[in-house]
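Marked as domain 'GST N-terminal' by Swiss-Prot: 6-85. The glutathione binding site feature in Swiss-Prot is assigned to Ser16, Pro17, Lys42, Lys43, Lys56, Val57, Glu69, Ser70. Residues or ranges marked as domain 'GST C-terminal' in Swiss-Prot: 90-217. What Swiss-Prot lists as phosphothreonine is Thr151, and the listing cites similarity to another entry.
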Amino acid sequence: MAKKEESVKLLGFWISPFSRRVEMALKLKGVPYEYLEEDLPKKSTLLLELNPVHKKVPVLVHNDKLLSESHVILEYIDQTWNNNPILPHDPYEKAMVRFWAKFVDEQILPVGFMPLVKAEKGIDVAIEEIREMLMFLEKEVTGKDFFGGKTIGFLDMVAGSMIPFCLARAWECLGIDMTPEDTFPELNRWIKNLNEVEIVRECIPPKEKHIERMKKIIERAKSTF
């Protein structure tokens, strides 16, 4: 359990879904923290010092403890501050949350973003592949307010920071609705529920500014191929 007097700092990047989800967890737990904005293309001396292995955000500094990788940080936060749990207590349910969270970051993320830079199979095929993956989450959230049940939890933070506010906005750059409501009614209901949660709204980048930045990132990435 965390001590009363402590120091919590978070190194993040304003459009990074990985640092946004960590902020959601800290806010849900009511943990006071200092946010340090990073300019990832330049990588500050502090970031390289605190995360020499991956050289990326998020990095959580809790007193003298350093943590990187968003899933690791989320679990640490949940185990350190016991209020408002974000992971279920049941071992099987907890394992399934971890499974789907990895699915979002390790399966949906690369398949969802790479075609924006280089669609080797064509855009139409890429869209179909992405939507096939999203359909798994559509089924998983059916009949629930959130993946975590009545309140947001670990998977809501992982999927919520990635799919509606990152993946969907990236495809909007091409004028494509990646999650049409007639195909994904449950995901869209879940997204609406997310938008009603204050800590989620506080952590999501402004839409127009976000899309403009993503357009630049996509164009820069295209120039490397």
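Note that the numbers count up from 1, one per residue, in the order the chain is shown.
Positions of Cβ are set from backbone N, Cα and C atoms, glycine also.
A map of Swiss-Prot features onto the structure.
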| residue | record | Cβ contacts under 8 Å, 6 or more apart |
| --- | --- | --- |
| Ser16 | glutathione binding site | Leu40, Val57, Pro58 |
| Pro17 | glutathione binding site | Ser161, Met162, Phe165, Cys166 |
| Lys42 | glutathione binding site | none |
| Lys43 | glutathione binding site | Lys55 |
| Lys56 | glutathione binding site | Leu40, Leu47, Ser68 |
| Glu69 | glutathione binding site | His54 |
| Ser70 | glutathione binding site | Phe18, Ser19, Arg21, Val22, Pro58, Val158 |
| Thr151 | phosphothreonine | Asn84, Asp145 |
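Sorting each residue of the domain 'GST N-terminal' (6-85) by its DSSP state yields 30 helix, 17 strand, 33 coil. Pairwise Cα distances among Ser16, Pro17, Lys42, Lys43, Lys56, Val57, Glu69, Ser70, the recorded glutathione-binding residues, top out at 21 Å. Within 10 Å of the C-beta of Val57 (glutathione binding site) there are 24 other C-beta atoms, taking all protein chains into account.
Helix, strand and coil counts from DSSP across the domain 'GST C-terminal' (90-217) read 92 helix, 2 strand, 34 coil.
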